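Heads up, the thing below is written out as structure tokens.
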Ligand SMILES: Cc1cc2nc3c(=O)[nH]c(=O)nc-3n(C[C@H](O)[C@H](O)[C@H](O)COP(=O)(O)O)c2cc1C
């Protein structure tokens, strides 16, 4: 009943709170024999790490990962560290908690946060930094994702921020190389320039803004997914929706497909050298819950950060009306740091389905 685990054969359990001693995960079911070094996991964590630009939270966390178990290397492995097939435990210490920032919200519920719902459900709430509901937990997902990326041979998983507030990118200018060159993970250099001034304005107002993230997986073999109740699109939607602040998920053309006619939406096929060649990908690489072999395209909307400096009306634990200003250090646009998290969730879902597919059909 605790639901801190996801996946069937590639199974990830995360633990930890925002202001606890540490957070981390246990990855169970990872195949043996995959080379795995802490530095590879660290490289992914460094992309999600807070405090890397003025556009993200100024909490300073090195997010240094330690591998506690599940790997082994000696002369028989050529000195390389390989996964052993046993549970891989990863831990990341919290080092920059400032719990006093949160003393004012001890007795009041922050609008847009999980304060009220956690208290209504459990009757007890770690209010320091949002406790378990904090997106600090997504560091553990990114660490698990770094392992998941190794499971499916030949896949590439990349994500990008494609809209900030009302400002969508120009898709004609999409350049994946650009994503690593600006602090927004944005594939359109001109949009990234605009976001700088736009988000500076939002930040100086003590406000926040939402965003849309797109995650694309290429090189996915056809047939991954398990109809009917383990459809790949259903599992992806659940995985993305489980990321903090995500309020909508779509696959392929998603909600825009409602405005299309059948002849525009159906992805036509021609005979190709290696099976059918699709002439379009409105379906986002999934038909009948199974991957088609085309790129899997998933998009999600992230709400604006709830912690803002404008006073908001709320109630106290005793049931009195109150006003609250959420101080502390916050991301003015949480969509930015959601980009590496999106890639990690895609990687974990695909790794799980790859192993399930292999288990059933070889
Ligand atoms: C990477 C990331 C960073 C986040 N940072 C913040 C933050 O600094 N301040 C904040 O109010 N919410 C932040 N959030 C969102 C909250 O964690 C989330 O809105 C809150 O826990 C309530 O959950 P829900 O929005 O999923 O319903 C962040 C989300 C993500 C994905």
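From the backbone N, Cα and C atoms, a Cβ is placed for every residue, glycine too.
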Candidate from 158, 270, 329 that TrEMBL assigns to the same FMN site as 132, 133, 134, 244, 245, 288, 303, 304, 305, 306, 307: 329
Tertiary neighbours of residue 305 (FMN binding site) (same chain, Cβ under 8 Å, six or more apart): 208, 209, 245, 330, 331, 332, 333, 334
Residue 134 (FMN binding site), number of other Cβ atoms within 10 Å: 20
In sequence order, those binding-site residues of 54, 245, 307 whose CB lies under 6 Å from ligand 1: 245, 307
Residue 132 (FMN binding site) - helix vs strand vs coil (DSSP): helix
Candidate with sparsest Cβ neighbourhood (10 Å radius) among 48, 54, 303, the listed binding-site residues: 54
